[in-house]
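Copied over from TrEMBL, here are the features:
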DOMAIN    9-199  domain 'CobB/CobQ-like glutamine amidotransferase'
ACT_SITE  CYS95  active site, nucleophile
BINDING   ARG128  substrate binding site
ACT_SITE  HIS192  active site
Amino acid sequence: MSTESRLRLVWVYPDLLSTYGDRGNLLILEHRAALRGLPVECIEVRSDQPMPADGDIYLLGGGEDGPQSLAAQRLAADGGLHRAVDRGAVVFAVCAGYQLLGHSFYAKGTQCRGLEMLDLHSDRGPTRAVGEIAGEIDPRLGLPPLTGFENHGGRTHLGPGAHPLARVTTGIGNDGQTEGAWNGRILGTYSHGPALARNPDLADLLLRWATGGDLAPIDDTWPDRLRRERLAAVAR
Ligand code: GLN
């Protein structure tokens, strides 16, 4: 955490990367930090503003192809997100935001350069992946199954430096086999929804990475019930 012990949550380019309720991820982190008495500062950085490098958690949402390629160009030119990652900041990225963390991705039929923060690249799939997604999360992360909603045309291929976030049990995710990726404190997923409302344990993982400490438990009866309902519904 930063010097005044405030957790700085940075919502990256809400004017470009904020589809399907991804902003809810910011609200969930803010809420779950507040329930633990952690002072939080939420910083929304539009694409015409410099990216601060002293944030603790950076959130990138989904976006259509045009805004996605513009966001990647601006983040590369700005350099603030790279500086933040170099100092150990946490990054949580969804769909378009996830794809642009890799080496390359496709937008409007053109191959675009990514930010090279995760060892992966994305191309286009034969169909658009739309619908519920579920998967068993990498046991090293110690989390219950992931559930969410996906809507993307891209397919993502992981290199040896990126670990799959989950093994897909419903939906497509990266390629029909795995979903999302993580390495160090950078984590990406195809799960919209917002993902952290549906997967509060994932929100707490990001908070633990950022604070370096244990977190008091929260009564998650309702999100747990939603997870069980969705897993049962998609298993039919
Ligand atoms: N434009 C990207 C794709 O279709 C990302 C879409 C999204 O963020 N939902 O693959």
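The backbone N, Cα and C atoms fix where each Cβ goes, and this holds for glycine too.
Keep in mind that this is a model prediction, so the values were computed, not measured.
The average pLDDT computed for the domain 'CobB/CobQ-like glutamine amidotransferase' (9-199) is 96. The Cβ of HIS192 (active site) has 23 neighbouring Cβ atoms from other residues within 10 Å, across all protein chains displayed. Reduced to three states, the DSSP call for CYS95 (active site, nucleophile) is coil. Under the DSSP three-state reduction, HIS192 (active site) is assigned to strand.
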